[in-house]
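Student: Sharing a structure with you now.
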Amino acid sequence: MDKFAIRGGNRLHGTISVSGSKNSSLPILAATLLTRERCVLHRVPDLTDVRYMLDILRYLGADVEFSQGSVVVEARKVVGETPYDLVRRMRASVCVLGPLLARCGRAKVSLPGGCVIGDRPIDLHLRGLEALGSRIALSKGYVIAEASGLVGARMSLQGPHGSTVLGTDNVMMAACLARGTTIVENAASEPEVADLARFLCSMGAKVRRAGGSRLEIEGVDELHGAEHTVISDRIEAGTFAVAAAITRSELVLEEAPIEHMRSTLSALQDAGVFVEAAEGRLRVRATDPLHPLQLRTGTYPGFPTDMQAQFCALAATIPGRSRIEDDIFPNRFMHISELKRMGAHADLLANVAVIDGVDRLSGAPVMASDLRASAALVLAGLQAENTTTISRVYHIDRGYERIDAKLRAVGADIERLPK
Ligand code: EPZ
């Protein structure tokens, strides 16, 4: 298992190109199961999670090729069962449930189980698919969904923490091939859901966002192949923007999805970071002093939970008291204990991190635990004195395309040490 060694203190300078979105690519790859015709996807990032999804598509019977960021999928025939050892590696695999049910009339998908950021229920997914006429059974750790023809319905996907991104994706994909019209109230509004909707429409689906969080889907008999370019990754872009802020440097991000980053960019501006957006290029510049943060995560367009850990790392370097609350994943604070090993003054009160920033973090051996917590440790290492070694960097490779190479190219002293 690889490690990163980061010698902190360098100022960063230059341009980073933002990759295609992981959280857009995964459900769009699942949607290719809805047609037997050829689909071509561009700007798909080369990530472990993407390769997991390609393995699942191949297991289900699809022909899959992936080269230079483009994926070709041809699911001429599809079996409706996804085994545990494939699904357990990635919770997002659950988004094959809707397409398999719509395509085959039956889907057997292993329950994703929990993960370090908290319990990952799929009750809203299942409620939505049942509303479309599917019979759902849970047996031996599997979800078994069956339907002799899906029928359009009206439903709400409101849960205790707002809507559900992948739940909205599952229901939307299944409803595309249902008989009649489906109305989804409290559907997720994340840009990645909109990107999936665009792809489905290019396949011949009839999906309309009727204002705010309401989706209308008019079922069709079948979908055809399509070609699509995936949107840029707003979380990767946000992570590199924080890299500029935490090192008090200036970076230019190319291909940044600025219109999807409003809450992240205003959080940076509130901290005193200079942000300038023009023609898809984002300039981020930070000098001392910065101001403490008061943040609370929310569903889009609120402050994203996927940026929470990165902003905890930034707050750890800003003198004064910051308060960061996660209402989406209340347990998503694995990074706090590791940041404290690096000298951060932080306390966790339920789902609120209270952080008193210090002038300089100190390098230490730390362990990655989940994707965004690991990114937070990389960011902290860029600012810390001496060397930070991060083990289990496979967590980072799940969601960041060559993060070490991208950071090295703008002046970071970061090295990947093969175990
Ligand atoms: C997606 O996960 C993203 N993953 C996550 O990004 C992201 O953190 C999350 O949305 C929230 O924005 C992908 O898109 C692949 P949810 P998802 O269903 O869809 C509760 C990353 O770092 N809930 O929107 O699984 C749930 O427990 C990953 O890239 C239910 O109660 O998240 C959570 O508290 C991590 N019942 C909240 O809703 C359900 O049936 C939001 O979950 C489903 C969810």
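Placed from the backbone N, Cα and C atoms, the Cβ positions cover glycine too.
Annotations for this protein, taken from TrEMBL, read as follows:
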- 7-407: domain 'Enolpyruvate transferase' (DOMAIN)
- LYS22, ASN23: phosphoenolpyruvate binding site (BINDING)
- ARG91, ARG120, PRO121, ILE122, ASP123, LEU124, ASP306, ILE328: UDP-N-acetyl-alpha-D-glucosamine binding site (BINDING)
- CYS115: active site, proton donor (ACT_SITE)
- CYS115: 2-(S-cysteinyl)pyruvic acid O-phosphothioketal (MOD_RES)
Student: Any idea what the model's mean pLDDT is for the domain 'Enolpyruvate transferase' (7-407)?
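Tutor: That region's mean pLDDT is 95.
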Student: Going by DSSP, give the three-state secondary structure for LYS22 (phosphoenolpyruvate binding site).
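Tutor: LYS22 (phosphoenolpyruvate binding site) sits in a helix per DSSP.
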Student: Whole-number answer please: how many Å between the C-alpha atoms of ILE122 (UDP-N-acetyl-alpha-D-glucosamine binding site) and LYS22 (phosphoenolpyruvate binding site)?
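Tutor: If we compare the Cα positions of ILE122 (UDP-N-acetyl-alpha-D-glucosamine binding site) and LYS22 (phosphoenolpyruvate binding site), the gap is 20 Å.
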Student: Those recorded positions, CYS115, ASP306, ILE328: which ones have a Cβ sitting under 6 Å from ligand 1?
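Tutor: ASP306, ILE328, in sequence order.
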Student: Spatially, and counting Cα to Cα, which of the recorded positions is closest to ASP123 (UDP-N-acetyl-alpha-D-glucosamine binding site)? Options: LYS22, ASN23, CYS115.
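Tutor: Closest candidate to ASP123 (UDP-N-acetyl-alpha-D-glucosamine binding site), judged by Cα separation, is CYS115.
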Student: Measuring Cα to Cα, tell me the gap between LEU124 (UDP-N-acetyl-alpha-D-glucosamine binding site) and LYS22 (phosphoenolpyruvate binding site) in whole angstrom.
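Tutor: Distance between the two Cα atoms comes out at 22 Å.
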Student: Considering only the recorded positions LYS22, ASN23, CYS115, which fall within 10 Å of ARG91 (UDP-N-acetyl-alpha-D-glucosamine binding site) when distances are taken between Cα atoms?
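Tutor: Close recorded positions: CYS115.
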Student: Among the binding-site residues ASP123, ASP306, which residue has the fewest other Cβ atoms within 10 Å of its own Cβ?
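Tutor: Selected from the binding-site residues ASP123, ASP306 on minimum Cβ neighbours within 10 Å: ASP123.
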Student: Among the binding-site residues listed here (ARG91, ARG120), identify the one with the smallest other-Cβ count within 10 Å.
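Tutor: Each of the binding-site residues ARG91, ARG120 was scored by Cβ atoms within 10 Å; lowest is ARG120.
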Student: Using Cβ-Cβ distances, find the residues under 8 Å from ILE328 (UDP-N-acetyl-alpha-D-glucosamine binding site) that belong to the same chain and are at least 6 apart in sequence, listing them in sequence order.
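Tutor: Those within reach of ILE328 (UDP-N-acetyl-alpha-D-glucosamine binding site), by Cβ under 8 Å and sequence separation of 6 or more, are HIS161, GLY162, THR297, GLY298, THR299, THR305.
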Student: Far apart in sequence but close in space: which same-chain residues, 6 or more away, have a Cβ under 8 Å from ASN23 (phosphoenolpyruvate binding site)?
Tutor: ALA92, VAL165, GLU190, GLU192, ASP233, ILE235, ASP306
Student: Between ARG120 (UDP-N-acetyl-alpha-D-glucosamine binding site) and LYS22 (phosphoenolpyruvate binding site), what is the CA-CA distance rounded to a whole number of Å?
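Tutor: Computed Cα spacing between ARG120 (UDP-N-acetyl-alpha-D-glucosamine binding site) and LYS22 (phosphoenolpyruvate binding site) is 18 Å.
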Student: According to DSSP, collapsed to three classes, what secondary structure does CYS115 (active site, proton donor) have?
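Tutor: In the DSSP reduction, CYS115 (active site, proton donor) maps to strand.
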Student: Rounded to whole angstrom, what's the largest C-alpha distance between any two of ARG91, ARG120, PRO121, ILE122, ASP123, LEU124, ASP306, ILE328, listed as binding UDP-N-acetyl-alpha-D-glucosamine?
Tutor: 22
